[in-house]
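**Q** First the structure, then my questions, so here it is.
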């Protein structure tokens, strides 16, 4: 299972676990389960609710603050059954109890809780699919609770041995839905900034994806379309959370990520030493980052590629990324989808870096041609990663 809030996936063999039998206690009664697209139905039943949550996650107050409903909060956790560990790292850990995933944070609880509440409320109020639903939170325990999923998209990619027509059709459907969800969130002032296979959670039927949602809002930031001033998010027992500086001004490292899945213009600004503009993250930049990253996840799934991460982020590495992208996109995507190598070489200000780029283009090889069956997925990749910053897809998704 994969946790809706991040933490990676486990093999199908780990799914043979007893279901949980009871929920947890909360200041305002039993915890309320949230769902959408069926992602919380089973968890809702196990936690004592017949239907997924329809009530707001945030309630506006006259003083401008936002109150978190009592029935979404809990002070103690009492889920029976053997938990399955599906992720651990510097952020904390994720345990799955049957149909429920519990993410316990060592640090950053306030930021992630606020961003998760905002994303969940926007998606709930608009009926948007493709965004994981929050089931509960606990400030004392530094926990967030989500529906558990079968695996993440990276695990699904590894499980595929072939990509027949029905698999391609299902992937096109769920990735289009994920793209629309990201367009929606960015339009509401929320840029995810950490879209990757490990943060997309899926349920399958055989080798076909049935449901996919984006989760893990630990790096989410407000963009220039956000109308939020400086509200407090009021919890039970007079506790409150606030929007952090990370949400208002994401650092350069977050914007650049692992470089490989970032928009060409973001990488070019880094290569040429241009700092991010002052003020909030521009909406167009946040949207382009999210859609370009989603496109690279789809590219990896369509071609069975293993994403390369962990390289030191230098200008030389960014040049290498762009050189490989020019060659790969020219070979795989529809004409005009990728960046022009000649134009990019002229845009690089330092001659030494420009020369390195030209050498990288000359030495890169696109690899084997993909099967024709995945052509519809590559067309969708082109829309996500196009040089227009994803604007074409955003127009279609509006």
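Each residue, glycine too, has its Cβ placed from N, Cα and C.
What Swiss-Prot lists as compositional bias 'Gly residues' is 1-10. Sequence annotations record features per position, and here Swiss-Prot assigns region 'Disordered' to 1-44. Taken from Swiss-Prot, the feature domain 'Protein kinase' applies to 80-398, supported by sequence analysis. The ATP binding site annotation in Swiss-Prot covers 86, 87, 88, 89, 90, 91, 92, 93, 94, 103, and the record cites sequence analysis as its basis. The active site, proton acceptor annotation in Swiss-Prot covers 194.
Quick one: how deep are these features, and who are their neighbours?
**A** Secondary structure from DSSP puts residue 94 (ATP binding site) in a beta strand.
Reduced to three states, the DSSP call for residue 194 (active site, proton acceptor) is coil. Counting only same-chain residues six or more apart in sequence, the Cβ atoms lying under 8 angstroms from the Cβ of residue 194 (active site, proton acceptor) belong to 216, 218, 219, 220, 254, 257, 293.
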**Q** Quick one: largest C-alpha distance among 86, 87, 88, 89, 90, 91, 92, 93, 94, 103, binding ATP per the record, in angstrom?
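**A** Max span of the ATP binding residues, Cα based, is 14 Å.
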**Q** Drop a 10 Å sphere on every Cβ of the binding-site residues 86, 88, 94 and tell me which sphere holds the fewest other Cβ atoms.
**A** 88
**Q** Taking only the residues in the domain 'Protein kinase' (80-398), give me the average pLDDT of this model.
**A** 92
